[in-house]
Amino acid sequence: MSNSNRPAVVITDSTLRDGNHAVSHQLRASDIASYCQWAEAAHVPIVEVGHGNGLAASSLQVGLAACSDQMMLETARMHLKTSRLGIHVIPGFATVAKDLKPALDLGVDVVRVASHCTEADITERHIGYCRDQGKTVFGVLMMSHMAEVPVLCEEAKKLEAYGAEAVIIMDSSGTYLPLDVTRRVSALKESIGIGVGFHAHNNLGMAIANSIAAIEAGAVLIDGSIRGFGAGAGNAQLETLVAVLERLGVATGIDLYRVLDAGDFAETLFVKELPVVRSLSIVSGLSGVFSGFSKPVLRIASENGVDPRDVFFELGRRRAVAGQEDLILEVVKEIKSRGNR
């Protein structure tokens, strides 16, 4: 079965980027090569590849990747012919000269330049460079729940002014309910003259429902990952997303049978542990803390005899964001100290 009409919604498959969080950034070149062939066969429009935190993020602080950026991108490029190769770029991790230029030289087609939801200013140079090189470039606002709707709209306007061709909001901690998504996507549609996209996490079990709410509110770019493979409780499951959109009559251009096959294959290859909405995932969603914190929080809390739920709620009170993993140990020590008094 195929959904071959002109896509009404363009889906980005983040399996090989967000999914890297689920395996501590240890996806191998062979995993990337094999999965890209399946995604290509399913006619997935955009396949995003890289370290979980994006280009040049491999580090002791957020996790060392099994493969270099160059190896990951070269491998993917070799196997993607019609599907476009995408990357996630956070200024601060990736510089234009040292990281972005070499990535584009390797054949990247789509660049998603991301910032915290109130810091769009840092994306200007990266977005401008991508536009100058003739690449498709989207602006991304991470942890979007941390900004009020008017602030989110103002940040989106900046991305548009810098040259972004669309603005994608990320529910990085999986905290949204469908009404939250509808309000934000609708407001963005009214505020900017470019496309709006949405990236879901499943911490409260709402990834598919939230993605559909985004589309109904006018989003034209939606992210998903095979088997929901991603940080924390995972992302919107790509196969389910395609099936539901087919049921709704929304064209994606993705072959349903082949994406189902891709899911079966990925589960035998590298999705060794299927995403589950566990207790900590729910707490992550409620506290509004980045899903990727789940593993380090659990590990550090366990090592120190501290309840990881307390750690999440304290991180939420401190408005911790991705890249601030060093806060976890600080919070754990503080909670442990209070408990010993």
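Sequential numbering from 1, following the chain as shown.
Backbone N, Cα and C define each Cβ position, glycine as well.
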Check Swiss-Prot for me: it has R17, D18, H199 binding substrate, so pick out which one of S34, S58, S172, S173 it puts in that same site.
S172
Restricting to the chain of S172 (substrate binding site) and a gap of 6 or more, list residues whose Cβ falls under 8 Å of its Cβ, or answer none.
M142, M143, S144, H145, H199, H201, F290, S291, A322
Three-state secondary structure of H21 (active site, proton acceptor) from DSSP?
helix
Site extent for substrate (largest Cα pair distance over R17, D18, S172, H199, Å):
14
Would you mind pulling the DSSP three-state label for H199 (substrate binding site)?
strand
